[in-house]
Amino acid sequence: MKKIIIIKVGGAIVEHEGQLNQLLDQFAQVDGPKILVHGGGRRATKVATSLSIESKMVDGRRITDADMLKVVTMVYGGLVNKDIVARLQARGVNALGLTGADADVIRSHRRPLKNGIDYGFVGDVDHVKGDLLLTWLDQGIVPVIAPLTHDGQGHMLNTNADTMASETAKALAAYADVTLVYCFEKPGVLSDPADDNSVIPVITRTDFDRLTADGTIAGGMKPKVENALAAVSAGVGRVIITQASAIGQEGGTVIQ
Ligand SMILES: Nc1ncnc2c1ncn2[C@@H]1O[C@H](COP(=O)(O)OP(=O)(O)O)[C@@H](O)[C@H]1O
Ligand SMILES: CC(=O)N[C@@H](CCC(=O)OP(=O)(O)O)C(=O)O
């Protein structure tokens, strides 16, 4: 069976010139079909602040009003995506930068009220065109996906980058043996977020329920592990949460 690797890189790495270059060097070395999904939440927050637009997050997801939607569309679909594409081209990787609207690759609907919270222009994914992604991969093209989707009715929607990675992995699992690697600035999911030596080697759904109830997993880590579990349940072969500098090495947290 064909093997595909999907790497998701988060906002802290995107913000750090040296760490981003190191991650892209390593990504360029990965053999075979591969996809990069990027975040950029921290950059969006900075740009919004400079425009006097306040950022509000609930459970690791951004409340996105009309002004914030303009900011995230510019930042994720423009600045961050094209910067990564250019850096990959310089490394000999034939990267194709995409939002979900491009080639209709990822469609979503606006998130309904959740526990009374209106997230605004935030998309919950309905469909990923896995067959189209495969066609590009077969041509040696490397999709670089920004955390934006569209609703098919002319609206862009902000979508958590961890969800983009998991939904993409799920769609491709029908055709291939998929490995999904969430890489961020810490060595894995930690039992003590202040101690980098406390990596939890394996997390199951039962562990997740316990670790969220006692507050060990919080903030942006919650949607990350939730999305990782969803990918495992949908048949994604291997899902790992690890440090950006450790792609392809042992270690990190395996989600089962
Ligand atoms: N148990 C935990 N282990 C590691 N990080 C945690 C944990 N609980 C909360 N976090 C926080 O989650 C953050 C990662 O989520 P987030 O900032 O959304 O990452 P990314 O931008 O890479 O998606 C970490 O920087 C850390 O502050
Ligand atoms: C709806 C929602 O929360 N969208 C995210 C998309 C970016 C993201 O997920 O970036 P990181 O991977 O850097 O956190 C946001 O705007 O922050």
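Backbone N, Cα and C atoms are what each Cβ position is placed from, and that goes for glycine too.
Under the heading domain 'Aspartate/glutamate/uridylate kinase', TrEMBL lists 3-242. Per-residue pLDDT, averaged along the domain 'Aspartate/glutamate/uridylate kinase' (3-242), amounts to 97 for this model.
Marked as site 'Transition state stabilizer' by TrEMBL: Lys8 (among others). Sequence-distant contacts of Lys8 (site 'Transition state stabilizer'), defined as residues of its own chain at least six apart whose C-beta falls under 8 angstroms from its C-beta, comprise Leu36, Val37, His38, Gly39, Ala161, Asp162, Met164, Ala165, Leu180, Val181, Tyr182, Cys183.
In sequence order, Gly41, Ala44, Ser55, Lys56, Met68, Val72, Tyr119, Val122, Asn158 are the residues near Arg62 (substrate binding site), counting only same-chain partners six or more apart with C-beta under 8 A. For the recorded site, Arg62 (substrate binding site), the DSSP three-state label reads strand. The substrate binding site annotation in TrEMBL covers Gly40, Gly41, Arg62, Asn158.
In the three-state DSSP assignment, the secondary structure recorded for Lys224 (site 'Transition state stabilizer') is helix. The site 'Transition state stabilizer' annotation in TrEMBL covers Lys224 (among others).
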Less than 6 Å between Cβ and the nearest atom of ligand 2 is the rule; apply it to the recorded positions Gly40, Gly41, Arg62, Asn158, Lys224. Gly40, Gly41, Arg62, Asn158
Max Cα distance spanning Gly40, Gly41, Arg62, Asn158 (substrate binders), Å? 12
